[in-house]
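Novice: Checked TrEMBL, it gives:
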- 294-318: compositional bias 'Polar residues' (COMPBIAS)
- 327-343: compositional bias 'Low complexity' (COMPBIAS)
- 288-379: region 'Disordered' (REGION)
- 33-54: transmembrane segment (TRANSMEM)
- 75-94: transmembrane segment (TRANSMEM)
- 106-127: transmembrane segment (TRANSMEM)
- 139-163: transmembrane segment (TRANSMEM)
- 183-204: transmembrane segment (TRANSMEM)
- 225-244: transmembrane segment (TRANSMEM)
- 256-274: transmembrane segment (TRANSMEM)
Amino acid sequence: MSGPTSAPPPNVATIPLPPGMTLDQYLSLEGQAVTIAITTAVAFGVIVWDYFVLLPDELALYTNKDAKLLRAPTTAFFILLRYSGILATLPSLFFTSVQSQHCQVAVILSQIGAVLAVFSSGALFSFRVYAMWYGSKAITALVALVYATMIACWIAVATQYNATTGPPTPFGSNCVMHPIARWAPISYGSSVLFDTTILLLTLGKLPRKLTHKSTVGRQIFRDTLMYFAITTVTNIVVLSIQSLGDAHATLKPTAVPFSTVMTVTMGSRVYLNLKLLHQRNMKRGVGGEKIPLSISSTERSRQSTNPSDTINLTTGDARQQHHHPHSVVYSPPSSYGAPPSVYGAPPTFYGPQAVAYSDQKSDTANSSKLRHGLFPDDV
């Protein structure tokens, strides 16, 4: 008689351990990989959610009958920003969360999206500050310098990201990210430099009185300052995390996606708040002085040949003399120095209240007055 056969071994999953790594170390590493995958997925979800939240405003922009609005470079930067965020976060899912045979392609696409997001958002912020300072050459040179530095740093760091396709893993992604250069945090350092410059220049345009007592101050805070501040704080936090030592190497990737999230969401809101302001004011019949998004040289040249616009310019100058010294009035310099005989006698000034009421009636009756500075032709 044959002896009794032994029971078959139970089904046990066999997980190959990397050379020199214990089971506890491997499980800890896999747990960190799962954390990175979750944060990346959350960032992508926020980007998609924000995309659909702002989609009605974006569609309203496309259906606008003003062709100059669609031709403006700021509109192109806005569209680029809207979709570069998706390009930056969607491919990152393939090298952090799922099995993939195209790890390097996913990394390249993700870095292209991140650079485009920084490029387009920075351009929108730069145009906004350029308009606040009414084309000051010194301010333009300063902003252009820090903007170019930021883009150069981001491109340099983006070229350092590489990944290879590893063996299949029981969970997470099989992509293996290569160690990145130690100087990689300069990308976020340059973003902090740019954001801080933009924030300080914006604060420099706030009236000396409290913002709740100033129409211009309220507009700066509501439409730009708050978003600039949020973006700056986010990049400072990410830079601090990226500057940590090797002991926190697994923590660094978890902070990267949220910089892209804030860059996309805040930049989009700066653009939409200012561009759709004109449409909302027209529906309510509201005029009043507003800070332009950017300066248009072609708009200036047209005003120099329009008598009615020159009369409004004169009243605007008078209002600026009698109002708070930091009130902002859009005054195209191409009309300066024109003799009164060209356009007739200058209008009689009856005081700040009368001028403000006259300007509001003119803006309500003629939409072109409200368009001055809000919808540039060439910026």
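Using the three backbone atoms N, Cα and C, a Cβ is placed for every residue, glycine included.
Burial and contacts for the listed features, if you can.
Specialist: Outside the transmembrane segment (33-54) by six or more residues, the chain places 82, 85-86, 89-90, 92-93, 96-97, 171-173, 250, 253-254, 257-258, 260-261, 264-265, 268-269, 272 with a CB less than 8 A from a CB of the stretch.
Away from its own ends, the transmembrane segment (183-204) comes close to residues 118, 122, 125-126, 128-129, 132-133, 139, 142-143, 146-147, 149-150, 152-154, 156-158, 160, 220, 224-225, 228-229, 231-232, 235-236, 238-239, 242-243, 259 of its chain (Cβ-Cβ under 8 Å, at least six residues beyond either end).
Beyond the ends of the transmembrane segment (225-244), by six or more residues, the same chain brings 121, 125, 184-185, 188-189, 191-192, 195-196, 198-199, 202-203, 206, 251-252, 255-256, 258-259, 262-263, 266-267, 269-270 to within a C-beta distance below 8 angstroms of the stretch.
Within the same chain, residues 39-40, 42-44, 46-47, 50, 54, 57-58, 61, 74, 77-78, 81-82, 84-85, 88-89, 92, 113-114, 117-118, 120-121, 124-125, 128, 188, 191, 222-224, 227-228, 230-231, 234-235, 238, 242, 293, 374 sit at least 6 positions outside the transmembrane segment (256-274) and bring their C-beta atoms closer than 8 Å to a C-beta of that stretch.
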Novice: Near the transmembrane segment (106-127), which residues from the same chain, at least 6 beyond its ends, have a CB less than 8 A from one of its CBs?
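Specialist: Contacts with the transmembrane segment (106-127): 73-74, 77-78, 80-81, 84-92, 94-95, 100, 143-144, 147, 150-151, 154-155, 158-159, 161-163, 175, 177, 191, 194-195, 198, 228, 231, 260, 263-264, 266-267, 270-271, 293-294, 379.
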